[in-house]
2 protein chains.
Amino acid sequence: MRSSIATVCISGSLGDKLTAIADAGFDGYELFELDLVTSRMSPEEVVARSADLGLSIDLYQPFRDFEGVAPDQLARNLRRADHKFELMNRLGVDTMLLCSNVGTATLPGESVAVDQLGALAVLASQHGVRVAYEALAWGKFVSTYDHAWRLVEQVDHDALGVCLDSFHILSRGSDLGAIATIPGEKIFFCQLADAPLMNLDVLSWSRHFRLFPGEGSWDLADFVARVVHAGYQGPLSLEVFNDVFRQGDPGVTARDARRSLVLLEDAARAARLPLAVTESAVTDVVPAPALLAGLPHVDASRGFSFIEVQPGNGSAVDDLLTQLGFIHRGKHQRKNAQLWSQADVHIIVNGDLEGTRPRVAAIGFEVSNVQCASARAVALRSHLLPRDRATDEDILNGILAPDGTEVYFSERAGETPGWLAEFGPGASVPTASSTLPHTGITHVDHIALVQPWQRADEAVLFYQSILGLTVSDSLDLAGEAGLVRSRSLVTADRGIRLALNVTPLQPGETEVYPNHVALHTNDLVATVSVLRARGTRLLPIPQNYYEDLDARLDLGAERVETLRSIEILFDRDDRGDFLHVYTMPIGQVFFEIVQRTRGYDGYGAANAPVRLASQRAEERGRPTD
Amino acid sequence: MRSSIATVCISGSLGDKLTAIADAGFDGYELFELDLVTSRMSPEEVVARSADLGLSIDLYQPFRDFEGVAPDQLARNLRRADHKFELMNRLGVDTMLLCSNVGTATLPGESVAVDQLGALAVLASQHGVRVAYEALAWGKFVSTYDHAWRLVEQVDHDALGVCLDSFHILSRGSDLGAIATIPGEKIFFCQLADAPLMNLDVLSWSRHFRLFPGEGSWDLADFVARVVHAGYQGPLSLEVFNDVFRQGDPGVTARDARRSLVLLEDAARAARLPLAVTESAVTDVVPAPALLAGLPHVDASRGFSFIEVQPGNGSAVDDLLTQLGFIHRGKHQRKNAQLWSQADVHIIVNGDLEGTRPRVAAIGFEVSNVQCASARAVALRSHLLPRDRATDEDILNGILAPDGTEVYFSERAGETPGWLAEFGPGASVPTASSTLPHTGITHVDHIALVQPWQRADEAVLFYQSILGLTVSDSLDLAGEAGLVRSRSLVTADRGIRLALNVTPLQPGETEVYPNHVALHTNDLVATVSVLRARGTRLLPIPQNYYEDLDARLDLGAERVETLRSIEILFDRDDRGDFLHVYTMPIGQVFFEIVQRTRGYDGYGAANAPVRLASQRAEERGRPTD
């Protein structure tokens, strides 16, 4: 289907917006009236610019407050419409969006609305254009899509149809069944927006918090499948009002929007309509999106393949890995990169990476087919990172995440990761370089990545679409220096768990919150005992925490004393328990060591304030505050 | 009354918070449990630190999810309470806040709640402490203050009373009449928070958007007067959860909180209770706040006295003032400051101010008594700016606004501002330094000041409390680079109008939006004609704007053509019309020239997107986008 986007989604001047929309690969756009009014480009110049960029103008929007009014007001409204229809002729755009009346409607009767919409349709047809009538969720007399359709059906004029906007329909929780009753040729336009679940008045929700499909909480694939099944032939168009996108980089927002639409078309193909509609019918009416056609979903459920760390200055990373029981297994054949392993955890310390402070530079995800995963990422408008590759190296393609982390796809070669061979034949067996005992770490439990606030929604879409992860709703963690908003992304079998944390902005400070890698053990008390015995410094936990824990949960004095004496944090959900500790940060990274029992599915969110406060106390050198 | 504040209002570690609370002059504080749990200070160390700082611990809070539960859960809850009562003994705090049950209540009957609250009261009294029961607005079975009181009344135990929290009561729109029926000694605690008017679910509203009294939309003076009239003797305490304050400077937030409480106590004295309660009774029961006692409100309705501008490098300011028809009237006796005047507008260009870019440095407000206004500002925890003063200079006290603008109070000496004498005897009559004709400017209409987002609420409280202005609700203006949030503050006669604009944050950019001074003329067409004739460059307005104006308002072709030909913006409200133009910015300031007719009371908000887009196009040198 053709792709389109409303200019209001994107920041900048009209010229900026059109360039960004074209660069992102959209076919056309909805021209938001205020973007034209504030532009110094004449309508004719807009037409020429659009043609240069290969963009069609799919909709002129919005026209407001028309129907259900007294006769004198109707005359003024028709005069206003006449002006706008003339403008549309100059712009060469054939469809205008009409929102149901919010401000000036005084006459609730359906016959009044039908008569007045009919008069508008006649005027539109005289100008050779048509009107797509949309029920705003907060419309005064018309606020549901089926009501709008009932009026359009009664007018029965070629120049009047409906516009279906996912926000206005899904925000009201409307039954979607009536979409199938609207003839496809009467659906003049389809606007798409996702949204977070909020219990906010629908107008504020709509104006400030809309998201691109996949970034919010709605099932837009089902919505699109229904609209297409009804026979809609027009473009799928995004209309997203969002306070953050309004001030973002136009090119990034447009690329992100396009990614969301590619993903949505793909999901819509897979969406099943309820009851009578068969699967083949859906497949027939929802054509395969050209870009993703034939590309399977990424199967990232095999888990984390490796973590690449930038060591910074000094040996802090090597020292900590040694203490944590990692064993040095070899050096990369061509790079100054060292492999450290323990059970299924592989950490590559890459000395070729520049920068003075240690940080997580890249994450390798094990997929079933690197070529498919890469092709899908490119189709989702990611660019493959350049990578020098020797002929005997593993095929390993990477892309850049919005937070700057490099994401790599990796395949297994038999029982071991294919890239392991790059570290020489010796890498497949442990070397004797470590004399310290194993600490019981088994695998990577999760990785927590800090996101800049203005790119957090983009990051959710990125990891979800590229890796095929499922997103949770947002959670607030109370930090000393502000709230941290956290969303987790997981595979169904939890082989991959990512936590994306949006940290508070610190005006005037350049403080960057570190990322962290959580490693799993089957016996945290034993692991911590080993670590403490060898002098590993873990994040101190206040004694007050254990008094509160004892008050909150009746764990028994002995258990609490065990946790307290070696400073382990404890959480419990309705399935199981979670025990965890943190290393001290080295540069921009720290490690967590966790133990999950009996299906506990969280990340110890209740303890996050304790962790954040203790880290800040250490960082500020104020251990007694 | 004693003043108190919850530690949760403020950013930082518990140590940071206590220091900030003490520095701001509070008498005590509510200890938020998580602030203790995350602290490395033991309870005994908290007691010692509080004593050092002269602070009492007025409340331990919150205790949650106690009543209305099954017997086994009750046993666990009493065990939990027992731990916390012991902790309170160590802290030397005598009152605990109990929130009505949200999570675990399963038994709705009142008798169950009464029995269980009774058991808690007995346990509390065994520890020598008491429990203040508060109805959370989203409590499962108990969500209104009168319901909470009904339960407390039935329990009838000395160790159980109610906590009245303005948020939970006002957010539900509860009738406040029942406050008078609660015996004062059963009101164990009073928590205060303001809030903006929002149609958000009450839990999110409460957790993220609370404000200090005066920053939001509620009549807290009436609330406090009622609580005090009921006989409440405890502290007035602020409990404000706010995402921005959580990451702000602890000292600034605490000072702001204290200011809001001083202002509230003052307003509460003036608040009138309805019906049977006489004015004298109110005055009796609401004692005069010590700080403001005897200080009259600031009478700033006489208007703007002067505007002080920093000229920066070059003569741009002088040149523009000359073009706008200002006349040079003299030099300050001791400073390198020049006075420019036109009718009632006085602009001081102060060459002693350092900085390369022109900006508004100070605003003088004419008040009836400078000493009173200054004393009030100091009582509201502002600091007077140091000012060298010669013996023959006008008494002119200044304070610093949160946005960095200096605010001065000035008195009249007869018909002219007292400070005019500082510019020598010649300053009272125009000199012949300008050969250009007068442009018809009569007075300052309003001044628009840009606020950093993290200090916007503080600024609203500052201007409101210091100058006695009335605040409007917030308005969103769509700028190309993000939404601008605007609130206006006015005197009743509109002698003072301030617009505080919160601009979007531009990640990675250091762009600062300029402030502007709006000057009034009685005939903008004539004024603009004079300005254009002398070559003054005004902000270009796109032709598309006039086509849209013609479509929207039936002004007549001739009127639209007049506006279009000299590029005047036009707005209309239900009372009158507003015409306005803008000069090009010079540094961080520009001028607007406006004409209000027939009581128009706005600021042309509908045209703000046009202004913002045009300014940005000029700034970026992209006039054709």
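Every residue gets a Cβ built from N, Cα and C, even glycine.
Note: TrEMBL annotation is automatic and uncurated.
TrEMBL lists B:H446, B:E592 as binding Mg(2+), and of B:H383, B:H516, B:H520 the one it places in that same site is B:H516. For the divalent metal cation site, TrEMBL records B:E134, B:D165, B:Q191, and the single candidate of B:E45, B:E67, B:E239, B:E265 listed with them is B:E239. Ranking the binding-site residues B:E134, B:D165, B:Q191, B:E239 by the distance of their Cα atoms from the Cα of B:E592 (Mg(2+) binding site) places B:E239 first. Listed in sequence order, the residues of the same chain lying 6 or more apart from B:E134 (divalent metal cation binding site) and placing their CB within less than 8 Å of its CB are B:L97, B:L98, B:C99, B:S100, B:Y145, B:A148, B:V162, B:C163, B:L164, B:D165, B:H168, B:F189, B:Q191. Taking the Cβ of B:Q191 (divalent metal cation binding site) as centre and 10 Å as the limit, one finds 26 other Cβ atoms among all the protein chains shown. Cα of B:H516 (Mg(2+) binding site) to Cα of B:E239 (divalent metal cation binding site): a distance of 36 Å. Sequence-distant neighbours of B:E239 (divalent metal cation binding site) (same chain, six or more apart, CB under 8 Å from its CB) are B:I5, B:A6, B:V8, B:C9, B:E30, B:D165, B:F167, B:Q191, B:L192, B:A193, B:R210, listed in sequence order.
Shown in sequence order, B:S488, B:R497, B:L498, B:A499, B:A518, B:Y603 are the residues of the chain, 6+ apart in sequence, with a C-beta less than 8 angstroms from the C-beta of B:H446 (Mg(2+) binding site). Listed in chain order, the residues near the divalent metal cation site other than B:E134, B:D165, B:Q191, B:E239 are B:L97, B:C163, B:L164, B:S166, B:F167, B:H168, B:F189, B:C190, B:L192, B:A193, B:S237, each with its Cβ within 8 Å of the site Cβ centroid. Apart from B:H446, B:H516, B:E592, the Mg(2+) site neighbourhood in this chain, defined by C-beta within 8 angstroms of the site C-beta centre, holds B:D445, B:I447, B:A448, B:A499, B:V517, B:A518, B:L519, B:F591, B:V594, B:Y603.
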